[in-house]
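Student: Here you go, one structure.
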Amino acid sequence: MMKLHRPWWSVLPLRAVLLCALLVLNHPVYGDDEIPADVESTLTDDAELYVTPKVDASRLYFAEHFDDLFEDVEKRWTKSKATKDDAAEEVAKYDGEWSVEQPQRPILSNDFGLVLKSKAKHAAISSRLNRPFTFDTKPLVVQYEVNLQEGQECGGSYIKLLSAGDGTKDLKNFHDKTPYTIMFGPDKCGNDVKLHFIFRHVNPVNGTITEKHCNKQKDRLDDPFKDKRPHLYQLIVRPDNTYTINVDHKTINEGSLLTSFTPPVNPPAEIDDPEDRKPQNWDDREKIADPDATKPDDWNEDEPAQIADPKASKPSGWLDDVEEMVPDSTAVKPADWDNDMDGEWEPPLIPNPLCEKAVGCGLWKAPMIANPNYKGKWRPPLIANVNYQGKWAPRKIPNPDFFEDLTPFRMTPIAAVGIELWSMSNDILFDNILISDDVAVADEWAAQTFDLKVRTLDRQAQTLWDRAMRYINYKPAYWTAYFVYCSIPLIAYVWFLWSRRDKEETVVSRVLKYCNSNPWMWAVLVVVVGLPVALLLYFVCFAKADAKAEVGRRKKMEDSPPAAAEQEDEEVKRDAEMSPSAQRATGSPGGGLSNAEGEDEQDEEDDEAEEENEQEVEAGPEEVARDEEASSSDAPIDSKFVEGGEGVKKRKARKD
């Protein structure tokens, strides 16, 4: 086959297409409002400004953010040095590796978490509460985040609230048998997915301890084990014995400590008498075989279920003397065949060629049909048992271990938080562990941590490539498989055209010629080529950025540069000194914008903007200055008061 020499410019279209694809995939994708050049230069991967959460210590029993432990995790946490009693020596040690680090895919700057680095090893770590939690008149609120960065196939990511007592005096001895009050968190192995809520109940009569397992939730939790995103788990146990389990602020399970656990907290008042035995003459058969029935005389149990069809006849042309299988005449005995070891060689059998043209060959047999005389083995019919006494059951006696605990909420006090795991997945990240008696405190903590992460992850990616990678969990190998799959029909078609090429024709002319002779090929080209191009143009031209991401970017720009803040302070003070009439004349009430040459711009604004400007004018210079002073204070600010912005109300940008 003669080699086809292509001119040097024939590869330019391919190179141009690849270059355009790279530019498009890495082109920033924003919403309808384009971000200015000076703002774009300061954008980072963090759409939200993260600050280590600060909550009044008197309002909580434990709060751990791990942000200041990246150099020494054992400053506040104790790694276990214990060994398991019921395990082989090589796997009995708690030698799992713990580390404080940022997630594999950083979400917020300077946000760290506790990561289990090793897999298929026992790992345990614990930390003491600020003060023991006593189950009295206030609810227990437990909350923490988990990010399964490598997914999860078999293992847990739960925490244990360790009981106060001798078991928590030395946390270096923390192991699987250390007494705990509550175990809470997700667990999975294979197809078995659980969200544990287990509490250890103390029998008020004899002091024995029994684990009570919460009934399974209705909805199956699959996403937290495979989406590789942080998830927030919250448990609320109230003094009225009710509980609520929330995942990502959504209630997935709730119930009562008295009725929603297995085994139940309170045992039954009566139990079966273990000494009672069923009498020997007790007849519990509802029906018996009729003793008076006899087998009919014409009942033949030897009749087969199927017989040869007596009406069938051998077709004409049937070759009785021809074998169905004959030796292969073309077969050759292998050269290495040894008759002494392999036996006498015989050629393999093949279907007889004579039978292919005939109706059939070989021994003819009539087809089998159901035997009309077949009745099977005879059995007497069943009749009601006149001696039936009912189903026997042992008599009930009072339960000697009966008790009634109407306040199972009053559990053993909690002294420490522990994580004791064995998992087949590594890089399990724990973060923002909190124990409190106030749900509002937990929600405030989540607003400063988890909610920021969710807003950052849910914002629209800055480039089409980042957005696509997020959808496939940042696994480029999936794109390779997708590309190969989509390339198979295109390669096959190109090869087909190449095999039928004419040296005097070009590739384009051959394609057009083939498509003209086969009109259906135009539809194939539209689907194969037009659909990916249409999708690409849609994502580039019509994709809208998330509104929350836009707010996060602008908020960070307004908060972070000190020069911009000082310039805004000067504008506020200058506008405060002006009279309300002057502010309206300049078009900058309360610190509005004006052009560089000092010319007044008369722009029409909507009713909402006018009301906002009038309120800022009526506030006066003193209130504006006081708000500015409050916004620049270094004192801690409650997140629920600063969620909308800084101390001074943000002004709307005027329309050009």
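For all residues, glycine too, the Cβ spot is worked out from N, Cα and C.
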Student: Could you tell me which of Cys154, Cys355 is bonded to Cys189 by a disulfide, according to TrEMBL?
Tutor: Cys154
Student: What same-chain residues, at least 6 away in sequence, bring their CB to under 8 Å of the CB of Cys154 (disulfide bond)?
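Tutor: Once residues fewer than 6 apart are set aside, Cys154 (disulfide bond) is near Lys188, Cys189, Gly190, Ser423, Met424, Ser425.
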Student: With every protein chain in view, how many other Cβ atoms are within 10 Å of the Cβ of Cys189 (disulfide bond)?
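Tutor: The answer is 14 other Cβ atoms.
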